[in-house]
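Q: One structure is given below, represented as structure tokens, and several questions about it will come after.
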Amino acid sequence: MTDLSHSREKDKINPVVFYTSAGLILLFSLTTILFRDFSALWIGRTLDWVSKTFGWYYLLAATLYIVFVVCIACSRFGSVKLGPEQSKPEFSLLSWAAMLFAAGIGIDLMFFSVAEPVTQYMQPPEGAGQTIEAARQAMVWTLFHYGLTGWSMYALMGMALGYFSYRYNLPLTIRSALYPIFGKRINGPIGHSVDIAAVIGTIFGIATTLGIGVVQLNYGLSVLFDIPDSMAAKAALIALSVIIATISVTSGVDKGIRVLSELNVALALGLILFVLFMGDTSFLLNALVLNVGDYVNRFMGMTLNSFAFDRPVEWMNNWTLFFWAWWVAWSPFVGLFLARISRGRTIRQFVLGTLIIPFTFTLLWLSVFGNSALYEIIHGGAAFAEEAMVHPERGFYSLLAQYPAFTFSASVATITGLLFYVTSADSGALVLGNFTSQLKDINSDAPGWLRVFWSVAIGLLTLGMLMTNGISALQNTTVIMGLPFSFVIFFVMAGLYKSLKVEDYRRESANRDTAPRPLGLQDRLSWKKRLSRLMNYPGTRYTKQMMETVCYPAMEEVAQELRLRGAYVELKSLPPEEGQQLGHLDLLVHMGEEQNFVYQIWPQQYSVPGFTYRARSGKSTYYRLETFLLEGSQGNDLMDYSKEQVITDILDQYERHLNFIHLHREAPGHSVMFPDA
């Protein structure tokens, strides 16, 4: 079924969203570069205010996000598809799982997989450091910050974007999820504000990741090639990301970028296996099991632990508040990616896959590298601990230096980090371009020049933050800039829930019997005629004749009668899509602010079953004339129907639609408005 909201217009920017967000970000970037001391002071004071005023809110919000996602997946809404009912997943289960697996990998994992466990072990938020309990607590906090809570934010945004875009053909933007609440007002200031908040939050999240990546890579290159660990080298790495994005746009190597992303998975797994078998394998496997048990046992208590009576303010700002804001900032970016690869899957499949598969990888990575780092410290690595705390970007390489073949492993780590870095920068520019564009359909991407612009903007912002106060500035601004979008996510939750409730009314209306009708002569087919219909496998010519002489006249009669009764009706015979031989018929009845009635007839091509005589005679395919409503295929075949029977089917579906509208209007809080079909 085609996108009913498809526009023939050329892709163009959304001027309000683009100029506002671009202006604010460029102004902020230049301010941090030109007025470093002032920027550092302002960021510090703002962070203190946000932490004191909204620290509790970040903890509560993160908890509500994961509760909402799990409840939706486990409820009856879990069977709703991200797309029309007849849609099938674009990717096999294995390919989809591999892409989810890759989504769990990033250069920040290399940075924090050693730095956080070591810091939490040496300076825990509560209790004494450098104890067995501190070691267990250190790994649980690390897993907690990279765990299910964060992935639930990605799942929430991906679920909302996929549902509204692929099921209701709305643009693949954040404002689409707010349509059930604000209706057509999302095309005005409300929608613009939401998209601006998404763009600003996303670019700061990406800049934080790239800033961490720049610092990490600069040190790796200095270890391998004696390249100075300097701001000039960091600026060169930032320039590299801009160049890669430009090449990706101008030479069409997007597919190559995706191949590099897949290569990252293999290299990352190789690093895990290297450390696992070069280290104390038995200890690491035992520690992995212990970490899982501790994570499960302590998860609920940690989720809402605000340390109210003895609050470690600096620790909260640097860790839990930073991570939750970081996940929030990245949620539009990753949510968009997850939505694009998950069309045709049910909400339950999507949520389970998104929560379990990527976290499985992060669990393995963090457990192997984190426990290896703690093992080194416990067995006399005091100098290693000090270096990992004071210079966290060195921790990962310092750990690899404890094993044989350091040059080789450090080279693999640097290549892996570099690939993560350039692919994240390129993908980030693409997503920001899409969020600031008016795309003609949900499968379109932003113009190339816009992607280059956002790549430059990301680079400037990253450079400005690093020049102001290094990684600390990036972390602090993420906590600040992630706050507005965290409020937007609650509106997304409300819009998604209200729209899913509509699915209940639709199902109930479909289950209600339509008015009984007497069987006519055409209904009482002889058994021979019925058998002939069942054994018929029509080709292109017969199907086209059926559409022109029976289906279209039937739809035209219904349309004329509805117009006589005051309805605004559109009837179209649309040309074949690319690669198809037959077009389709489209009947649209406008219903004001209620959901429009859509009735389409599509010729669907299938392979002839092998047990039939036709298959043995050489005919390989046949057509079914299937009916489609807005929510998808109805699964029936109109082939060999009479005109009266087609009219009856249209009226049956129209009556069900009116029942659905009646049920929806009777429901409490039925303010959900619908997009034009």
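Cβ coordinates come from backbone N, Cα and C, glycine included.
Since the structure is predicted, the reported quantities are computational estimates derived from the model, not experimental observations.
Pulled these features from Swiss-Prot for this protein:
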type	residues	note
TRANSMEM	15-35	transmembrane segment
TRANSMEM	54-74	transmembrane segment
TRANSMEM	94-114	transmembrane segment
TRANSMEM	144-164	transmembrane segment
TRANSMEM	196-216	transmembrane segment
TRANSMEM	233-253	transmembrane segment
TRANSMEM	265-285	transmembrane segment
TRANSMEM	319-339	transmembrane segment
TRANSMEM	350-370	transmembrane segment
TRANSMEM	412-432	transmembrane segment
TRANSMEM	452-472	transmembrane segment
TRANSMEM	477-497	transmembrane segment
Q: Out of 15-35, 412-432, 477-497, which stretch has the largest tally of CB pairs under 8 angstroms to the transmembrane segment (94-114)?
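A: Answer, by Cβ pair count: 412-432.
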Q: Near the transmembrane segment (196-216), which same-chain residues lie under 8 Å Cβ to Cβ, leaving out any that are not at least 6 residues past its ends?
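A: For the transmembrane segment (196-216), the list is 17, 20-21, 24-25, 106-108, 110-111, 173-174, 234, 237-238, 241, 326, 328-330, 332-333, 393, 396, 417, 420-421, 424-425, 428, 431-432, 435-436, 454, 457-458, 461-462, 465-466, 470-471, 474-475, 477-478, 481-482, 484-485, 488.
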Q: Answer with yes or no whether the transmembrane segment (265-285) touches the transmembrane segment (54-74) by the criterion of at least three Cβ pairs under 8 A, sequence separation 6 or more.
A: no
Q: Quick one: do the transmembrane segment (144-164) and the transmembrane segment (452-472) have at least 3 Cβ pairs under 8 Å, skipping pairs fewer than 6 apart in sequence?
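A: Touching, no - the transmembrane segment (144-164) and the transmembrane segment (452-472) miss the threshold of 3 or more Cβ pairs under 8 Å.
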Q: Other than its close neighbours in sequence, what residues sit by the transmembrane segment (452-472), given a CB gap under 8 Å and a spacing of at least six beyond its ends?
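A: For the transmembrane segment (452-472), the sequence-distant neighbours (Cβ-Cβ under 8 Å, at least 6 residues beyond its ends) are 22, 25-26, 28-33, 36, 39-40, 43, 203-204, 206-208, 210-212, 214-215, 231, 234-235, 238-239, 241-242, 245-246, 249, 392, 425-426, 428-429, 432-433, 436.
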